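Peer 1: Here it is, the structure, as structure tokens.
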Amino acid sequence: MSAADPGLRRVAVHAGTTVVDLSLPAALPVAALIPPIIDVLGDRLERDTATGYHLCTPGGQLLASTTTLAHSDIHDGTVLVLSRSVPEPPAERHDDLAEAVSAMLGSAAPRPGRRTAALTGALAAGAVTAVGSGVLIRDALRAGAQHGATAGGAAAAGVIALLLAGIAHRIHRDPIAALTLSVIATVFVAVAGLLAVPGAPGIPHVMLAATAAAVTAVLGIRVTGCGIAPLTAIGGCATVIAVAALAGVMTAAPVYVIGSWAALASLGLLEVCGRMSIALAGLSPRLPPAIDHDDPDDLPPAEVLATKSIRAGKWLTSLLATFSGCAAVGAIVAALTTHRGVPLATTTAALLLLRARAHRHRTRWLLLVVSGIITGTTAFLTATTNWMQHGVRIAALTAILTAAALFLGFVAPGMSLSPVARRGIEALELAAWVAVAPLVCWTCGVFDAVRALDLI
């Protein structure tokens, strides 16, 4: 035993699937013990001249080759592992400085992979489609122009793109290509709907274009089976725009009135996105009379709950994208068509930015922030076009807004707000919510209409 011979350590050495019990001298360095251990293992250990061996504990801590078992605190009954490590290749040497620099930069710089190439192609295709669609829409603004053939060509391109999207995902299993082609098909069909209505572009043209885009987005989901969240967001935005345009056609209301009320409705629906996503995913509570909550067999399985939770997250992202985008579009339309819409656009931008605080998910946070920034920038641009004679005010306001953006982007994330500051931000958001409805009424001229009534 060790008490009779303290110079030995009785240990179990594991080498792959082989285990041997050995008595090793406690005073010899670990480097001197490894060759005898390899000899004992014999043919049961794969030999490799380019491999170095190490002794380590099961926890992964290597025993230094210069230390002994006694210094490493190894006792009787300890389990050791004989591990192998491939030595690093020698550093490549170059006789020419330029060759060395080129080799270093080439090994350090990441090379574009297949996914990068696919994303680049998708962005290029989207950019070309957007530019071409913009040219077609600009051509539609010309009075007296006939676009029957152009609308047919755009519709045919949309149908072909939709069919190719189904082939890309169902056969080639390429979701990026399928989503890109689905979005391109939606754009082409929307342009075809815009050009199909004769006459100068107006609200009826927008209604048909939005309806066609919504239908194409839904078909894209059914045909490809991928890109559900972005296509649902596109279809939702198109549906809201189509409903707003239908209201404009039926009431003959001005464009800024439609945009203002659409922004107000979208902001209201933005607050119930969470409950809507829970209901759409099937997570809303249902209490049948015969359910027994104490019986685990009556509760949904964990796999079903996980699937529904993921589905609810996707629905929430899609709904946030839909209503934040519609609120931004409505406020921007109101600001571009009447100067009274600038305060509404500013308030909408503030609400979208403040609402982003409630979301920790990066995509949802980014959707709200981008919508708020675009809306606020449009409001600022529209307001400054009427202040061209006040250059000092424009410069001062630009500097203030730039400083605020830098502060919120670089300084605020690292700050820990006090409870008073948090309550102040919540009060500011509540005040913005209270001000939205009166601003919409003022933008639409409701107060002027009521004032003009002779009620006495």
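Cβ from N, Cα, C; glycine included.
Note: TrEMBL annotation is automatic and uncurated.
Per TrEMBL, the features are:
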TRANSMEM  117-137  transmembrane segment
DOMAIN    121-453  domain 'EccD-like transmembrane'
TRANSMEM  149-169  transmembrane segment
TRANSMEM  176-197  transmembrane segment
TRANSMEM  203-221  transmembrane segment
TRANSMEM  228-247  transmembrane segment
TRANSMEM  253-270  transmembrane segment
TRANSMEM  315-336  transmembrane segment
TRANSMEM  365-388  transmembrane segment
TRANSMEM  394-418  transmembrane segment
TRANSMEM  430-450  transmembrane segment
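Mind running through what each feature is packed against?
Peer 2: Tertiary proximity for the transmembrane segment (149-169) is limited to same-chain residues at least six positions away from its ends with a CB under 8 Å from its CB atoms, namely 136, 139, 175, 177-182, 184-189, 191-193, 195-196, 216, 219-220, 223-226.
Within its own chain, the transmembrane segment (176-197) has Cβ neighbours under 8 Å at 115, 118-119, 121-122, 125-126, 129-130, 133, 136-137, 140, 147-148, 150-152, 154-155, 157-159, 161-162, 164-166, 168-169, 204-206, 208-213, 215-217, 220-221, 223-224, 226-227, 230-231, 234, 238, counting only residues six or more beyond its boundaries.
A Cβ distance under 8 Å defines the sequence-distant neighbours of the transmembrane segment (315-336), meaning residues of its chain 6+ beyond its ends; these are 228-230, 232-233, 236-237, 240-241, 244, 255-256, 258-264, 266-267, 269-270, 273-274, 276-277, 280-281, 342, 344-345, 348-349, 351-352, 359, 361, 363-364, 367-368, 371-372, 374-375, 378-379, 382, 443.
The list of residues near the transmembrane segment (394-418) in space but at least 6 beyond its ends in sequence, with Cβ under 8 angstroms from a Cβ of it, reads 380, 384, 387-388, 425.
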Peer 1: Who are the chain neighbours of the transmembrane segment (203-221) in space, where the CB to CB distance is under 8 Å and they lie at least 6 residues beyond its ends?
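Peer 2: Distal contacts: 140, 158, 162, 165, 182-183, 185-187, 189-194, 196-197, 227-228, 231-232, 234-236, 238-239, 241-242, 245-246, 248-249, 255, 258.
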Peer 1: Before we move on, state whether the transmembrane segment (430-450) and the transmembrane segment (117-137) share at least 3 Cβ pairs under 8 Å, counting only pairs 6 or more apart in sequence.
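Peer 2: Checked: the transmembrane segment (430-450) vs the transmembrane segment (117-137), no contact.
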